[in-house]
């Protein structure tokens, strides 16, 4: 006769093998895990939205390049390990952080500053509650709206990354010198479609790029052409004049959208079609058959662009987020807690 212990072990095995029991266990674990919600701080930090709104408004008024800076910072953060504020961490003598990877050295300071200002105000109102990752996500959305772009809801509850390594950056972010197939591959590897990639690239409607990022395309391009034929000739000449001193002054830059540089609209796509794109990647959008149709659509229909951009930004904002013990609420956005 089998012992009670054997009966207990057999019953345990059956329960563990039973799909319904396993599914129930999974559901219970999921219910126990933190979740993202647009009302995440409604009780723990009810002034969260207002504080971030006030901070972003004041910063954008005093420094109109803030919107583009935050948008680029947000993208560079999310595409390397998820939207976890890892790009905000400063390097130490023991560790080189994402912020100091070569592709991130040109990230504008206004993007960092607006997050630090909001974090400082929030720590006074509700200390230890709001993550830097949530601040960056909402600040970016607010600044897009302030410059004329679409509103989109931002779910909250992200935690900040527990690490930040410069070595993790390479290969995760598109470079302006990459071919369109290479850029598409990076986006697709993170689950974004070609259409979403074209919509997100529309962020180039605001902001600027340093001359060094496209100098190879406007000076001594080939034996037969001073500049890449993809540029409208007069535009190429004006770029050579504007960037003439870029070797001695690496901060020289040009607006990405030379027609409406401070307004979030669809003019960027019209520029790309006319040879007024700044970067090689801009020209690639209009020449690659996989992306050309979306450029045509967004150039003639701003509402279609706004809808696609808002949808893609919502998707991007929850990419690789950290929750629960996978992250922390930083005391300062530029340093890990330990």
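Cβ atoms here come from the backbone N, Cα and C positions, even for glycine.
Note: TrEMBL annotation is automatic and uncurated.
Features reported for this protein in TrEMBL:
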type	residues	note
SIGNAL	1-22	signal peptide
DOMAIN	35-337	domain 'Plant heme peroxidase family profile'
SITE	72	site 'Transition state stabilizer'
ACT_SITE	76	active site, proton acceptor
BINDING	77, 80, 82, 84, 86, 98	Ca(2+) 1 binding site
BINDING	174	substrate binding site
BINDING	204	heme b binding site
BINDING	205, 257, 260, 265	Ca(2+) 2 binding site
Measuring Cα to Cα, how many angstrom lie between residue 86 (Ca(2+) 1 binding site) and residue 174 (substrate binding site)?
18
For residue 98 (Ca(2+) 1 binding site), the spatially nearest of the recorded positions 72, 205, 257, 265, using Cα atoms, is 72
Rank the binding-site residues 86, 205, 260 by the number of other Cβ atoms within 10 Å of each Cβ, and give the residue at the low end.
260
Candidates 77, 265 (binding-site residues); min other-Cβ count within 10 Å returns 265
Averaged over the domain 'Plant heme peroxidase family profile' (35-337), the pLDDT of the predicted model comes to 96
Using the recorded Ca(2+) 2 site (205, 257, 260, 265) as reference, state which further residues of the same chain have their Cβ within 8 Å of the centre of those residues' Cβ atoms, listed in sequence order.
206, 259, 261, 263, 264, 266, 267, 268
Alpha-carbon distance [residue 205 (Ca(2+) 2 binding site); residue 77 (Ca(2+) 1 binding site)] in Å
20
Neighbour-count leader, CB within 10 A, recorded positions: 72, 76, 204:
204
Near Ca(2+) 1: residues not in 77, 80, 82, 84, 86, 98 with Cβ within 8 Å of the site Cβ centroid are 76, 78, 79, 81, 83, 85, 87, 161, 164, 320
I want to check the contact list for residue 82 (Ca(2+) 1 binding site): same chain, sequence separation of six or more, C-beta distance under 8 angstroms. What comes out?
161, 319, 320, 321, 322
Counting every protein chain shown, other Cβ atoms within 10 Å of the Cβ of residue 98 (Ca(2+) 1 binding site) number 27
Give the distance between the Cα atoms of residue 257 (Ca(2+) 2 binding site) and residue 72 (site 'Transition state stabilizer'), rounded to the nearest whole Å.
15
Of the recorded positions listed here (72, 76, 84), which is spatially closest to residue 205 (Ca(2+) 2 binding site) when Cα positions are compared?
72
